[in-house]
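Undergrad: Here it is: the structure, laid out below.
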Amino acid sequence: MKQIKTDLCVIGAGSGGLSVAAGAVQMGARVVLIEKGEMGGDCLNYGCVPSKALLHAASKGMSYADALTHVHKTIDIIAPHDSQERFEGLGCTVIRAHARFTSPDAVEAGEYRIKARRFVIATGSRPMVPPIEGIEDVPYLTNETLWSQPALPEHLVILGGGPIGIEMALAHRRFGAKVTILEAGRVLGRDDPEAVKLVKETLIAEGVQILEHSTVVKVATEPGGVALTLQKGAVCHGSHLLVATGRIANSESLSLEHADVDRNRGGIKVNAHLRTSNRRVYAIGDVGSGTPQFTHVAGYQAGVVIRSLLFGLPAKAATHHIPYVTYTSPELAQIGLTEAAARKTHGEALEVLRADYAGNDRAIATERAGRGFIKLMVVKSRPVGVTIVGPDAGELISLWSLAIAANLKMSKIAGMVAPYPTLAELNKRAASAYFTPRLFDNAKVKTVVKLVQRLLP
Ligand SMILES: Cc1cc2nc3c(=O)[nH]c(=O)nc-3n(C[C@H](O)[C@H](O)[C@H](O)COP(=O)(O)OP(=O)(O)OC[C@H]3O[C@@H](n4cnc5c(N)ncnc54)[C@H](O)[C@@H]3O)c2cc1C
Ligand SMILES: NC(=O)c1ccc[n+]([C@@H]2O[C@H](COP(=O)([O-])OP(=O)(O)OC[C@H]3O[C@@H](n4cnc5c(N)ncnc54)[C@H](O)[C@@H]3O)[C@@H](O)[C@H]2O)c1
């Protein structure tokens, strides 16, 4: 077995692991990066990139075959950025093997034994397949197999109405497939119900069948496809089944017991500094218990651990300023608290402000007004949450990422000048709504203005 001694050993070359490795090596640390599968992890190969490429192709009216070509071309264009060659070029030692701990300060991978001062576990997650009777005997699809179908599924039944289920329902419906979503609770259950209603109504209008509060108790193959028996007794038939019912952290096969690293059902346990129960081992991204599972979160957490492990700074990870977007039509973007969560936390102190796309000149001129809106949750003159549903909601939310991360007051946002005519004016409109009653319906302001007018020459 070959021995390597290094400053930092990163396990997993996905969104989180690559960001830590690139940052650390370029700042002078000796870095070993271990990946057992494809460089780039889930996001590049089976997640964000193929799903957004497929959604784009579907919105452009491409054929399914052309769409899959577009998906793989997109991955190929981005792949060099995440490649072994690039990381070796940066100075990392890249090992392509399965890693597992043999002691609190050593890992084995292939023919190597790596002793490191610090470890970062960034092994991501995989699809959680619910224990439904018969499911293991059915050839179901997941986000790992969806991108290599020989032909468009005739009738895609999707188990789970989270972001994966909803985005893939829209794409497949737009290619012409029949699509049914079976959701145990409510679709996009974490999101603002008023915004979800808009997304749901649009999906239904496009022909997606959505069955909420539908628990599947049995799955079986049948000629031409699958049959899913619901608890209510009805049977749903389809040609293909996509399982999109959430994720399981990739933490079991790391032999964590040898490293004194604790985990629970949600994944590896970490503290606010992203340290595990073994203080020389950090865990970031999807593998962390309770971590929001997004590429930008993995990237953000990479920055936090770099500050801690390279400079010894007491950096902490937060979640209140993390945005996320579901790439439906209309898009749905959220940061911080939803209205319901903000009401629960802040009660009477909460002010909710809105601006509608219907009042935005650019949206009207480009025929994108629809029923979209921005909803702004404000407490003591600072934003604590924003929901946007409408065209380019994912682009509009970034301003609020800055505002919440920098703890900006509403006056700063309302003081911004947005170019006319842009959708971005919606953000300013919502922020200005905070001052409307304070300035226009305020007797004191009126008295002061009258007085000043009398005194002015
Ligand atoms: C269909 C889909 C769409 C998504 N869309 C979005 C989106 O639009 N925006 C967004 O922000 N997020 C999206 N996500 C979530 C995003 O993909 C993940 O949050 C992100 O990839 C997590 O990064 P990570 O570094 O934690 O894990 P990953 O990117 O999964 O990387 C983990 C890597 O570790 C490797 N590994 C695992 N175990 C070992 C081991 N023992 N030894 C060596 N290597 C190992 C794996 O092979 C993998 O390459 C989507 C996910 C899916 C499934
Ligand atoms: N646009 C994005 O940023 C994006 C897109 C896709 C995925 N993601 C990330 O990946 C994660 C995983 O996505 P996901 O959609 O698989 O998971 P999810 O946990 O977000 O949603 C899963 C859904 O499946 C339902 N469900 C669970 N078991 C079920 C069962 N037996 N029958 C019917 N329904 C069942 C749940 O109620 C839930 O609504 C997301 O939470 C998100 O963090 C992000």
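Note: Cβ is positioned from N, Cα and C throughout, glycine not excepted.
Nobody curates TrEMBL annotations by hand; they come from automatic prediction.
Heads up, here are the entries from TrEMBL:
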DOMAIN    7-302  domain 'FAD/NAD(P)-binding'
DISULFID  C43-C48  disulfide bond
BINDING   K52, T123, G124, S125, D286  FAD binding site
BINDING   G160, G161, G162, P163, I164, G165, I166, E167, E183, G246  NAD(+) binding site
DOMAIN    322-429  domain 'Pyridine nucleotide-disulphide oxidoreductase dimerisation'
Undergrad: Round to the nearest Å and give the CA-to-CA distance linking I164 (NAD(+) binding site) with K52 (FAD binding site).
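TA: Rounded to a whole number, the Cα-Cα distance is 11 Å.
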Undergrad: Per DSSP, how many helix, strand and coil residues does the domain 'Pyridine nucleotide-disulphide oxidoreductase dimerisation' (322-429) have?
TA: 42 helix, 33 strand, 33 coil
Undergrad: Going by Cα-Cα distance, which of the recorded positions (C43, G160, E183) sits nearest to D286 (FAD binding site)?
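TA: Its closest listed neighbour, by Cα, is C43.
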Undergrad: May I ask which of the binding-site residues G124, G160, E183, D286 have a CB within less than 6 Å of any atom of ligand 1, listed in sequence order?
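TA: Only G124, D286 qualify.
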Undergrad: Quick one: of the recorded positions C43, T123, S125, I166, E183, flag those whose CB is under 6 Å from ligand 2, and say none if nothing qualifies.
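TA: Close enough to ligand 2 are E183.
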Undergrad: Please find, for K52, T123, G124, S125, D286 as listed binding FAD, the greatest distance between any two Cα atoms, in Å.
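TA: So the maximum pairwise Cα distance among the FAD binders is 22 Å.
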Undergrad: Can you tell me the three-state DSSP label for G124 (FAD binding site)?
TA: coil
Undergrad: Using C-alpha atoms only, work out the spacing between G160 (NAD(+) binding site) and S125 (FAD binding site) and round it to an integer in Å.
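TA: Cα to Cα, G160 (NAD(+) binding site) and S125 (FAD binding site) are separated by 17 Å.
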Undergrad: Taking every protein chain in this structure into account, which of the binding-site residues E183, D286 has the most other Cβ atoms within 10 Å of its Cβ?
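TA: Output for this query is D286.
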Undergrad: Rounded to the nearest Å, what's the C-alpha distance separating E183 (NAD(+) binding site) and S125 (FAD binding site)? Just drop the number here, would you?
TA: 21
Undergrad: Counting across all protein chains present, how many other Cβ atoms fall within 10 Å of the Cβ of S125 (FAD binding site)?
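TA: A count of 22.
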Undergrad: Which chain-mates of T123 (FAD binding site) that are at least 6 residues away have a CB under 8 A from its CB, listed by sequence?
TA: I11, G12, A249, N250, S251, L254, V287
